[in-house]
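This report concerns only the one structure given below.
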Amino acid sequence: MEIAMLELLIGLVVTFAVGYFIVKGYKPAGILLTAGILLLILTGILGHKVLPGQMESTGNLLTDAMEYVKYMLQNRGGGLGMQIMLLCGFASYMTHIGANNVVVKQFSKPLSFIKSPYILLVAAYLVACLMSLAVSSATGLGVLLMATLFPMMTAMGISRPAAVAVCASPAAIILSPTSGDVVIAAEKSGLPLHVFAVETVLPVSICAIIVMAAAAYFWNQYLDKKDNTPMEKVDLSEMEVKSPAYYAVLPFLPIIGVFVFNGETLPGITLDIYTIVVLSIFIGVLVDYITKRFNGKQTLEDLEACYEGMADAFKGVVMLLVAAGVFAQGLMSIGAIDNLLHLAEVAGAGGIALMLILTGLTVAAAIATGSGNAPFYAFVELAPSLAAKMGLNPAFLIIPMLQASNLGRTISPVSGVVVATAGMGKISPFEVVKRTSVPVLLGLVTVIIGTMVLVPMHA
(Lines of atoms letter the chains of each structure in order from A; the text may use other names.)
(Lines give C-alpha, C1' and ligand atoms only; values in the text may rest on other atoms or scores of the structure.)
Protein backbone atom coordinates (compact mmCIF):
# COMPACT_ATOMS: atom_id res chain seq x y z
CA MET A 1 0.00 0.00 0.00
CA GLU A 2 2.83 2.39 0.86
CA ILE A 3 4.56 1.66 -2.47
CA ALA A 4 1.27 2.25 -4.32
CA MET A 5 0.81 5.63 -2.65
CA LEU A 6 4.43 6.53 -3.43
CA GLU A 7 3.88 5.70 -7.11
CA LEU A 8 0.72 7.80 -7.22
CA LEU A 9 2.46 10.66 -5.41
CA ILE A 10 5.40 10.60 -7.85
CA GLY A 11 2.97 10.70 -10.78
CA LEU A 12 1.10 13.66 -9.31
CA VAL A 13 4.26 15.62 -8.40
CA VAL A 14 5.81 15.16 -11.84
CA THR A 15 2.52 16.08 -13.55
CA PHE A 16 2.19 19.29 -11.53
CA ALA A 17 5.87 20.09 -12.20
CA VAL A 18 5.29 19.71 -15.94
CA GLY A 19 2.35 22.11 -15.78
CA TYR A 20 4.35 24.60 -13.69
CA PHE A 21 7.33 24.75 -16.05
CA ILE A 22 5.18 24.99 -19.18
CA VAL A 23 3.20 27.87 -17.65
CA LYS A 24 6.56 29.52 -16.83
CA GLY A 25 7.39 29.51 -20.54
CA TYR A 26 9.65 26.47 -20.87
CA LYS A 27 9.43 24.64 -24.21
CA PRO A 28 6.69 21.97 -23.80
CA ALA A 29 8.44 19.31 -25.90
CA GLY A 30 11.61 19.44 -23.82
CA ILE A 31 9.74 19.47 -20.50
CA LEU A 32 7.45 16.57 -21.42
CA LEU A 33 10.33 14.50 -22.79
CA THR A 34 12.45 15.13 -19.69
CA ALA A 35 9.55 14.32 -17.35
CA GLY A 36 8.71 11.17 -19.31
CA ILE A 37 12.28 9.88 -19.23
CA LEU A 38 12.51 10.67 -15.49
CA LEU A 39 9.31 8.69 -14.82
CA LEU A 40 10.57 5.74 -16.88
CA ILE A 41 13.86 5.69 -14.95
CA LEU A 42 12.02 5.92 -11.60
CA THR A 43 9.82 3.05 -12.78
CA GLY A 44 12.92 0.88 -13.19
CA ILE A 45 14.31 1.95 -9.82
CA LEU A 46 11.03 0.92 -8.16
CA GLY A 47 11.38 -2.52 -9.72
CA HIS A 48 8.71 -2.27 -12.43
CA LYS A 49 9.08 -3.07 -16.13
CA VAL A 50 10.00 0.15 -17.95
CA LEU A 51 8.85 -0.82 -21.45
CA PRO A 52 5.28 -1.81 -22.41
CA GLY A 53 4.47 -5.50 -22.80
CA GLN A 54 5.24 -5.90 -26.50
CA MET A 55 8.76 -4.46 -26.20
CA GLU A 56 11.83 -6.37 -24.99
CA SER A 57 14.14 -4.82 -22.40
CA THR A 58 17.64 -3.72 -23.42
CA GLY A 59 18.92 -4.96 -20.07
CA ASN A 60 19.37 -1.55 -18.45
CA LEU A 61 16.73 0.82 -17.10
CA LEU A 62 18.45 3.93 -18.54
CA THR A 63 18.76 2.49 -22.04
CA ASP A 64 15.21 1.12 -21.73
CA ALA A 65 14.02 4.72 -21.33
CA MET A 66 16.00 5.74 -24.43
CA GLU A 67 14.60 2.70 -26.26
CA TYR A 68 11.08 3.95 -25.64
CA VAL A 69 11.97 7.41 -26.98
CA LYS A 70 13.24 5.67 -30.13
CA TYR A 71 10.03 3.65 -30.32
CA MET A 72 7.91 6.81 -30.11
CA LEU A 73 10.01 8.52 -32.80
CA GLN A 74 9.42 5.55 -35.08
CA ASN A 75 5.78 5.06 -34.12
CA ARG A 76 4.50 8.63 -33.92
CA GLY A 77 7.12 10.18 -36.17
CA GLY A 78 6.49 7.70 -38.95
CA GLY A 79 2.81 7.02 -38.26
CA LEU A 80 0.63 9.79 -36.87
CA GLY A 81 3.52 12.24 -37.27
CA MET A 82 3.75 11.54 -40.99
CA GLN A 83 0.01 12.11 -41.33
CA ILE A 84 0.36 15.47 -39.59
CA MET A 85 3.38 16.45 -41.69
CA LEU A 86 1.58 15.55 -44.91
CA LEU A 87 -1.51 17.54 -43.95
CA CYS A 88 0.56 20.54 -42.80
CA GLY A 89 2.54 20.38 -46.03
CA PHE A 90 -0.69 20.22 -48.01
CA ALA A 91 -2.12 23.22 -46.10
CA SER A 92 1.06 25.25 -46.70
CA TYR A 93 0.96 24.39 -50.40
CA MET A 94 -2.70 25.43 -50.67
CA THR A 95 -1.87 28.78 -49.07
CA HIS A 96 1.16 29.28 -51.33
CA ILE A 97 -0.71 28.70 -54.60
CA GLY A 98 -3.59 30.92 -53.45
CA ALA A 99 -6.25 28.21 -53.12
CA ASN A 100 -7.16 29.17 -49.54
CA ASN A 101 -7.78 32.78 -50.57
CA VAL A 102 -10.12 31.56 -53.31
CA VAL A 103 -12.04 29.49 -50.73
CA VAL A 104 -12.46 32.50 -48.45
CA LYS A 105 -13.60 34.68 -51.35
CA GLN A 106 -16.10 32.11 -52.62
CA PHE A 107 -17.54 31.11 -49.23
CA SER A 108 -17.67 34.64 -47.86
CA LYS A 109 -20.26 35.70 -50.41
CA PRO A 110 -23.12 33.35 -49.39
CA LEU A 111 -22.19 33.65 -45.70
CA SER A 112 -21.90 37.45 -45.69
CA PHE A 113 -25.45 37.81 -44.33
CA ILE A 114 -24.28 36.17 -41.07
CA LYS A 115 -22.79 39.08 -39.18
CA SER A 116 -21.69 37.24 -36.03
CA PRO A 117 -18.49 35.20 -36.31
CA TYR A 118 -19.70 33.16 -33.33
CA ILE A 119 -22.68 31.82 -35.27
CA LEU A 120 -20.20 30.78 -37.96
CA LEU A 121 -18.14 29.16 -35.20
CA VAL A 122 -21.13 27.07 -34.06
CA ALA A 123 -21.89 26.08 -37.66
CA ALA A 124 -18.25 25.04 -38.16
CA TYR A 125 -18.35 23.02 -34.93
CA LEU A 126 -21.47 21.12 -36.01
CA VAL A 127 -19.93 20.38 -39.42
CA ALA A 128 -16.76 19.18 -37.67
CA CYS A 129 -18.83 16.87 -35.42
CA LEU A 130 -20.40 15.29 -38.50
CA MET A 131 -16.90 14.81 -39.93
CA SER A 132 -16.09 12.65 -36.90
CA LEU A 133 -18.36 10.00 -38.42
CA ALA A 134 -15.89 9.65 -41.30
CA VAL A 135 -12.57 10.18 -39.47
CA SER A 136 -12.31 8.13 -36.28
CA SER A 137 -8.94 9.46 -35.06
CA ALA A 138 -9.32 12.57 -32.88
CA THR A 139 -5.87 13.86 -33.84
CA GLY A 140 -6.33 12.93 -37.48
CA LEU A 141 -9.65 14.79 -37.60
CA GLY A 142 -8.22 17.81 -35.79
CA VAL A 143 -5.28 18.07 -38.19
CA LEU A 144 -7.58 17.59 -41.19
CA LEU A 145 -9.85 20.40 -39.99
CA MET A 146 -6.83 22.65 -39.32
CA ALA A 147 -5.68 22.09 -42.90
CA THR A 148 -9.08 22.78 -44.43
CA LEU A 149 -11.59 24.69 -42.26
CA PHE A 150 -9.17 26.66 -40.06
CA PRO A 151 -7.92 29.13 -42.73
CA MET A 152 -11.49 29.88 -43.78
CA MET A 153 -12.70 30.35 -40.19
CA THR A 154 -9.97 32.84 -39.26
CA ALA A 155 -10.36 34.76 -42.51
CA MET A 156 -14.08 35.15 -41.84
CA GLY A 157 -13.58 36.75 -38.43
CA ILE A 158 -13.32 33.86 -35.98
CA SER A 159 -10.38 34.43 -33.64
CA ARG A 160 -7.40 32.10 -34.02
CA PRO A 161 -7.77 30.46 -30.54
CA ALA A 162 -11.51 29.93 -31.06
CA ALA A 163 -10.94 28.39 -34.50
CA VAL A 164 -8.27 26.03 -33.12
CA ALA A 165 -10.64 25.00 -30.31
CA VAL A 166 -13.31 24.11 -32.88
CA CYS A 167 -10.82 21.89 -34.71
CA ALA A 168 -9.67 20.26 -31.46
CA SER A 169 -13.07 19.42 -29.99
CA PRO A 170 -15.38 17.56 -32.44
CA ALA A 171 -14.15 14.12 -31.32
CA ALA A 172 -14.87 14.99 -27.67
CA ILE A 173 -18.28 13.34 -28.05
CA ILE A 174 -18.53 9.98 -29.79
CA LEU A 175 -21.13 9.81 -32.56
CA SER A 176 -19.95 6.90 -34.70
CA PRO A 177 -21.70 3.60 -33.88
CA THR A 178 -18.76 1.66 -35.31
CA SER A 179 -16.06 3.34 -33.20
CA GLY A 180 -13.79 0.83 -31.46
CA ASP A 181 -14.62 2.40 -28.09
CA VAL A 182 -18.36 1.97 -28.71
CA VAL A 183 -17.95 -1.65 -29.80
CA ILE A 184 -16.04 -2.50 -26.59
CA ALA A 185 -18.50 -0.52 -24.45
CA ALA A 186 -21.45 -2.40 -25.98
CA GLU A 187 -19.75 -5.74 -25.30
CA LYS A 188 -19.04 -4.84 -21.66
CA SER A 189 -22.60 -3.55 -21.25
CA GLY A 190 -24.01 -6.84 -22.49
CA LEU A 191 -26.10 -5.10 -25.17
CA PRO A 192 -26.26 -5.59 -28.96
CA LEU A 193 -24.19 -2.93 -30.75
CA HIS A 194 -27.14 -1.31 -32.55
CA VAL A 195 -29.16 -1.06 -29.32
CA PHE A 196 -26.25 0.36 -27.31
CA ALA A 197 -24.96 2.77 -29.98
CA VAL A 198 -28.20 4.07 -31.50
CA GLU A 199 -30.80 3.78 -28.75
CA THR A 200 -28.59 4.44 -25.71
CA VAL A 201 -25.45 6.42 -26.58
CA LEU A 202 -26.67 8.53 -29.52
CA PRO A 203 -29.44 10.48 -27.69
CA VAL A 204 -27.00 11.37 -24.89
CA SER A 205 -24.36 12.38 -27.46
CA ILE A 206 -26.74 14.65 -29.38
CA CYS A 207 -27.82 16.42 -26.18
CA ALA A 208 -24.16 16.96 -25.21
CA ILE A 209 -23.23 18.33 -28.65
CA ILE A 210 -26.08 20.86 -28.57
CA VAL A 211 -25.03 22.05 -25.10
CA MET A 212 -21.35 22.23 -26.13
CA ALA A 213 -22.19 24.21 -29.28
CA ALA A 214 -24.13 26.77 -27.23
CA ALA A 215 -21.35 26.92 -24.64
CA ALA A 216 -18.71 27.43 -27.35
CA TYR A 217 -20.71 30.41 -28.66
CA PHE A 218 -20.86 32.25 -25.34
CA TRP A 219 -17.50 31.12 -23.88
CA ASN A 220 -15.43 32.12 -26.92
CA GLN A 221 -17.28 35.41 -27.19
CA TYR A 222 -16.51 36.10 -23.52
CA LEU A 223 -12.81 35.15 -23.84
CA ASP A 224 -12.31 37.19 -27.01
CA LYS A 225 -13.65 40.27 -25.22
CA LYS A 226 -11.84 39.55 -21.94
CA ASP A 227 -8.45 38.86 -23.57
CA ASN A 228 -8.99 41.43 -26.34
CA THR A 229 -8.16 38.69 -28.84
CA PRO A 230 -7.30 40.11 -32.27
CA MET A 231 -9.58 39.08 -35.12
CA GLU A 232 -8.09 38.28 -38.50
CA LYS A 233 -11.15 38.92 -40.65
CA VAL A 234 -10.10 39.61 -44.20
CA ASP A 235 -11.46 42.62 -46.07
CA LEU A 236 -12.66 40.98 -49.27
CA SER A 237 -12.19 44.19 -51.24
CA GLU A 238 -8.50 44.17 -50.33
CA MET A 239 -7.94 40.42 -50.72
CA GLU A 240 -5.66 39.64 -53.62
CA VAL A 241 -6.94 36.57 -55.45
CA LYS A 242 -4.81 35.63 -58.44
CA SER A 243 -5.85 31.99 -58.69
CA PRO A 244 -8.93 30.90 -60.69
CA ALA A 245 -12.24 30.12 -58.98
CA TYR A 246 -11.94 26.35 -59.44
CA TYR A 247 -8.98 26.36 -57.01
CA ALA A 248 -11.62 26.58 -54.25
CA VAL A 249 -12.10 22.81 -54.54
CA LEU A 250 -8.43 21.97 -53.92
CA PRO A 251 -8.21 22.59 -50.13
CA PHE A 252 -11.15 20.21 -49.59
CA LEU A 253 -9.68 17.31 -51.57
CA PRO A 254 -8.63 15.39 -48.41
CA ILE A 255 -12.15 15.65 -46.96
CA ILE A 256 -13.70 14.62 -50.28
CA GLY A 257 -11.23 11.74 -50.47
CA VAL A 258 -12.22 10.45 -47.02
CA PHE A 259 -15.81 9.99 -48.22
CA VAL A 260 -15.02 8.80 -51.76
CA PHE A 261 -12.38 6.20 -50.87
CA ASN A 262 -14.11 4.64 -47.85
CA GLY A 263 -14.69 1.32 -49.63
CA GLU A 264 -18.44 1.92 -50.01
CA THR A 265 -18.75 4.92 -52.34
CA LEU A 266 -16.37 3.22 -54.79
CA PRO A 267 -16.66 -0.47 -53.86
CA GLY A 268 -13.31 -2.19 -53.62
CA ILE A 269 -11.25 1.00 -53.28
CA THR A 270 -10.23 1.86 -49.72
CA LEU A 271 -7.48 4.41 -49.07
CA ASP A 272 -6.10 5.58 -45.73
CA ILE A 273 -5.59 9.25 -44.94
CA TYR A 274 -1.89 9.12 -45.90
CA THR A 275 -2.61 8.01 -49.45
CA ILE A 276 -5.55 10.40 -49.73
CA VAL A 277 -3.36 13.39 -48.81
CA VAL A 278 -0.57 12.30 -51.18
CA LEU A 279 -3.20 11.97 -53.93
CA SER A 280 -4.60 15.40 -53.01
CA ILE A 281 -1.13 16.97 -53.27
CA PHE A 282 -0.59 15.25 -56.64
CA ILE A 283 -3.93 16.53 -57.98
CA GLY A 284 -3.12 20.03 -56.69
CA VAL A 285 0.27 19.99 -58.42
CA LEU A 286 -1.28 18.70 -61.66
CA VAL A 287 -4.00 21.38 -61.65
CA ASP A 288 -1.44 24.09 -60.86
CA TYR A 289 0.85 22.80 -63.62
CA ILE A 290 -1.95 23.00 -66.20
CA THR A 291 -3.11 26.41 -64.91
CA LYS A 292 0.44 27.78 -65.20
CA ARG A 293 0.47 26.62 -68.83
CA PHE A 294 2.78 23.69 -68.26
CA ASN A 295 5.50 25.75 -66.57
CA GLY A 296 7.18 22.82 -64.83
CA LYS A 297 9.94 24.86 -63.21
CA GLN A 298 7.51 27.26 -61.50
CA THR A 299 5.21 24.42 -60.44
CA LEU A 300 8.04 22.52 -58.75
CA GLU A 301 9.29 25.70 -57.07
CA ASP A 302 5.79 26.22 -55.64
CA LEU A 303 5.80 22.62 -54.39
CA GLU A 304 8.75 23.51 -52.13
CA ALA A 305 6.18 25.23 -49.87
CA CYS A 306 4.75 21.77 -49.16
CA TYR A 307 8.11 20.43 -48.01
CA GLU A 308 8.73 23.49 -45.84
CA GLY A 309 5.31 23.02 -44.22
CA MET A 310 6.19 19.40 -43.46
CA ALA A 311 9.48 20.45 -41.86
CA ASP A 312 7.76 23.08 -39.71
CA ALA A 313 5.23 20.45 -38.61
CA PHE A 314 7.96 18.08 -37.46
CA LYS A 315 9.60 20.79 -35.37
CA GLY A 316 6.45 22.32 -33.94
CA VAL A 317 3.99 19.44 -33.70
CA VAL A 318 5.47 15.96 -34.18
CA MET A 319 8.19 16.32 -31.55
CA LEU A 320 5.54 17.50 -29.09
CA LEU A 321 3.52 14.37 -29.84
CA VAL A 322 6.58 12.18 -29.30
CA ALA A 323 7.36 13.90 -26.00
CA ALA A 324 3.73 13.65 -24.83
CA GLY A 325 3.74 9.93 -25.66
CA VAL A 326 6.88 9.33 -23.60
CA PHE A 327 5.35 11.26 -20.68
CA ALA A 328 2.09 9.26 -20.87
CA GLN A 329 4.02 5.97 -20.89
CA GLY A 330 6.01 7.16 -17.87
CA LEU A 331 2.80 7.79 -15.92
CA MET A 332 1.37 4.39 -16.85
CA SER A 333 4.55 2.38 -16.28
CA ILE A 334 5.15 3.82 -12.81
CA GLY A 335 1.69 2.63 -11.79
CA ALA A 336 -0.15 5.94 -11.38
CA ILE A 337 -3.08 4.81 -13.55
CA ASP A 338 -3.30 1.35 -11.92
CA ASN A 339 -3.46 3.00 -8.53
CA LEU A 340 -6.31 5.23 -9.69
CA LEU A 341 -8.10 2.04 -10.74
CA HIS A 342 -7.57 0.58 -7.28
CA LEU A 343 -9.14 3.69 -5.71
CA ALA A 344 -12.27 3.08 -7.77
CA GLU A 345 -12.47 -0.56 -6.66
CA VAL A 346 -12.23 0.19 -2.94
CA ALA A 347 -14.51 3.24 -2.97
CA GLY A 348 -17.63 1.18 -2.17
CA ALA A 349 -20.22 3.78 -3.16
CA GLY A 350 -23.88 3.67 -4.28
CA GLY A 351 -25.03 3.57 -7.91
CA ILE A 352 -24.92 7.28 -8.79
CA ALA A 353 -21.88 7.89 -6.56
CA LEU A 354 -20.03 4.97 -8.16
CA MET A 355 -20.84 6.28 -11.64
CA LEU A 356 -19.52 9.72 -10.66
CA ILE A 357 -16.33 8.23 -9.16
CA LEU A 358 -15.59 6.12 -12.24
CA THR A 359 -16.37 9.06 -14.54
CA GLY A 360 -14.17 11.41 -12.51
CA LEU A 361 -11.26 8.96 -12.46
CA THR A 362 -11.59 8.40 -16.21
CA VAL A 363 -11.49 12.15 -16.87
CA ALA A 364 -8.50 12.59 -14.54
CA ALA A 365 -6.59 9.78 -16.24
CA ALA A 366 -7.43 11.13 -19.70
CA ILE A 367 -6.20 14.62 -18.76
CA ALA A 368 -3.00 13.27 -17.20
CA THR A 369 -2.08 10.90 -20.04
CA GLY A 370 -3.58 12.78 -22.99
CA SER A 371 -5.15 9.54 -24.20
CA GLY A 372 -8.84 8.96 -24.73
CA ASN A 373 -8.51 5.23 -25.32
CA ALA A 374 -6.13 4.01 -22.61
CA PRO A 375 -8.11 5.29 -19.57
CA PHE A 376 -11.40 3.97 -20.95
CA TYR A 377 -9.98 0.56 -21.86
CA ALA A 378 -8.48 0.30 -18.37
CA PHE A 379 -11.50 1.48 -16.37
CA VAL A 380 -14.20 -0.24 -18.45
CA GLU A 381 -12.86 -3.61 -17.28
CA LEU A 382 -14.05 -2.71 -13.77
CA ALA A 383 -17.61 -1.79 -14.72
CA PRO A 384 -19.24 -5.21 -15.32
CA SER A 385 -17.98 -6.74 -12.06
CA LEU A 386 -18.81 -3.62 -10.00
CA ALA A 387 -22.26 -3.44 -11.60
CA ALA A 388 -22.91 -7.14 -10.90
CA LYS A 389 -21.95 -6.75 -7.23
CA MET A 390 -24.36 -3.84 -6.77
CA GLY A 391 -27.18 -5.00 -9.07
CA LEU A 392 -26.61 -2.11 -11.47
CA ASN A 393 -27.07 -1.85 -15.23
CA PRO A 394 -23.47 -1.92 -16.64
CA ALA A 395 -24.44 0.63 -19.32
CA PHE A 396 -25.32 3.12 -16.56
CA LEU A 397 -21.66 3.10 -15.50
CA ILE A 398 -20.07 2.67 -18.92
CA ILE A 399 -21.74 5.40 -21.01
CA PRO A 400 -20.42 8.34 -18.90
CA MET A 401 -16.97 6.68 -18.81
CA LEU A 402 -17.02 6.26 -22.60
CA GLN A 403 -17.73 9.94 -23.19
CA ALA A 404 -15.60 11.14 -20.25
CA SER A 405 -12.42 9.63 -21.69
CA ASN A 406 -12.84 11.58 -24.93
CA LEU A 407 -13.96 14.75 -23.17
CA GLY A 408 -10.96 14.55 -20.83
CA ARG A 409 -8.59 14.19 -23.78
CA THR A 410 -9.96 17.45 -25.22
CA ILE A 411 -8.89 19.40 -22.11
CA SER A 412 -5.49 17.72 -21.77
CA PRO A 413 -2.53 19.94 -22.76
CA VAL A 414 -0.53 16.80 -23.60
CA SER A 415 -3.12 15.05 -25.79
CA GLY A 416 -2.29 14.47 -29.44
CA VAL A 417 -5.24 16.44 -30.78
CA VAL A 418 -4.60 19.49 -28.55
CA VAL A 419 -0.85 19.50 -29.19
CA ALA A 420 -1.28 19.03 -32.94
CA THR A 421 -3.95 21.69 -33.46
CA ALA A 422 -2.18 24.17 -31.15
CA GLY A 423 1.07 23.63 -33.04
CA MET A 424 -0.56 24.16 -36.43
CA GLY A 425 -2.42 27.22 -35.12
CA LYS A 426 0.77 28.59 -33.53
CA ILE A 427 -0.79 29.04 -30.09
CA SER A 428 -0.15 27.43 -26.69
CA PRO A 429 -1.82 24.09 -25.86
CA PHE A 430 -2.98 25.75 -22.64
CA GLU A 431 -4.83 28.37 -24.70
CA VAL A 432 -6.65 25.57 -26.52
CA VAL A 433 -7.51 23.90 -23.19
CA LYS A 434 -8.85 27.21 -21.86
CA ARG A 435 -11.10 27.52 -24.91
CA THR A 436 -12.39 23.95 -24.74
CA SER A 437 -12.69 23.73 -20.94
CA VAL A 438 -16.16 25.20 -20.31
CA PRO A 439 -17.87 23.51 -23.30
CA VAL A 440 -16.27 20.19 -22.29
CA LEU A 441 -17.27 20.49 -18.62
CA LEU A 442 -20.85 21.38 -19.57
CA GLY A 443 -20.82 18.51 -22.06
CA LEU A 444 -19.71 16.15 -19.29
CA VAL A 445 -22.49 17.36 -16.98
CA THR A 446 -24.97 16.85 -19.83
CA VAL A 447 -23.70 13.30 -20.40
CA ILE A 448 -24.09 12.49 -16.69
CA ILE A 449 -27.60 13.97 -16.48
CA GLY A 450 -28.59 12.39 -19.80
CA THR A 451 -27.42 8.99 -18.57
CA MET A 452 -29.38 9.35 -15.32
CA VAL A 453 -32.53 10.32 -17.24
CA LEU A 454 -32.33 8.03 -20.29
CA VAL A 455 -30.51 4.92 -19.01
CA PRO A 456 -31.98 2.64 -16.32
CA MET A 457 -29.73 2.47 -13.24
CA HIS A 458 -30.58 -1.08 -12.24
CA ALA A 459 -30.24 -4.22 -14.30
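Quick reminder: no glycine exception, Cβ is built from N, Cα and C everywhere.
Listed by sequence, the residues of this chain that lie at least six past the ends of the transmembrane segment (3-23) yet keep a Cβ under 8 A from its Cβ atoms are 31-32, 35, 38-39, 42, 46, 327, 330-331, 334-336, 339-340, 342, 368, 413-414, 429-430. Swiss-Prot lists 3-23 (among others) with the feature transmembrane segment.
Residues 3, 6-7, 10-11, 14, 17-18, 21-22, 61-62, 64-66, 68-69, 319-320, 322-331, 333-335, 413-414, 419, 429 of the same chain, all 6+ positions outside the transmembrane segment (28-48), place their C-beta atoms under 8 angstroms from a C-beta of that stretch. The transmembrane segment annotation in Swiss-Prot covers 28-48 (among others), and the record cites sequence analysis as its basis.
Among the features that Swiss-Prot reports, transmembrane segment is placed at 79-99 (among others). Residues of the same chain lying 6 or more positions beyond the ends of the transmembrane segment (79-99) and with a Cβ under 8 Å from any Cβ of it are 137, 139-140, 143-144, 146-148, 151, 241-243, 247-248, 250-251, 254, 273-274, 277-278, 280-281, 284, 288, 302-303, 305-310, 312-314, 317-318, 321-322, 416, 420, 424.
Look at Swiss-Prot and you will find 118-138 (among others) tagged as transmembrane segment, backed by sequence analysis.
Per Swiss-Prot, the feature transmembrane segment maps to 139-159 (among others).
The list of residues near the transmembrane segment (164-184) in space but at least 6 beyond its ends in sequence, with Cβ under 8 angstroms from a Cβ of it, reads 121, 124-125, 128-133, 136-138, 141-142, 145-146, 149-150, 153, 158, 193-194, 196-198, 201-202, 205, 208-209, 212, 216, 220, 372-373, 376-377, 380, 402-403, 405-407, 409-410, 417-418, 421-422, 424-425, 427, 431-432, 435-436, 439-440, 443, 447. The annotation transmembrane segment is assigned in Swiss-Prot to 164-184 (among others).
Taken from Swiss-Prot, the feature transmembrane segment covers 195-215 (among others).
Panel annotation: around the transmembrane segment (243-263), residues 87, 90-91, 94, 97-103, 105-107, 131, 134-135, 144, 147-148, 151, 269-271, 273, 275-277, 279-280, 283-284, 287, 291 of the same chain, lying at least six beyond its termini, place a Cβ under 8 Å from a Cβ of the stretch. Feature annotation from Swiss-Prot assigns transmembrane segment to 243-263 (among others); the stated evidence is sequence analysis.
Residues or ranges marked as transmembrane segment in Swiss-Prot (evidence: sequence analysis): 267-287 (among others).
Swiss-Prot lists 317-337 (among others) with the feature transmembrane segment.
Residues 337, 340-341, 374-376, 378-379, 382-383, 386, 390, 392, 396-397, 400-401, 404-409, 411-412, 415, 444, 448, 451-452, 457-458 of the same chain, all 6+ positions outside the transmembrane segment (347-367), place their C-beta atoms under 8 angstroms from a C-beta of that stretch. The feature transmembrane segment is assigned by Swiss-Prot to 347-367 (among others).
For 437-457 (among others), the entry in Swiss-Prot reads transmembrane segment.
Within the same chain, the transmembrane segment (437-457) stays apart from the transmembrane segment (118-138): fewer than three Cβ pairs sit under 8 Å, each pair at least 6 residues apart.
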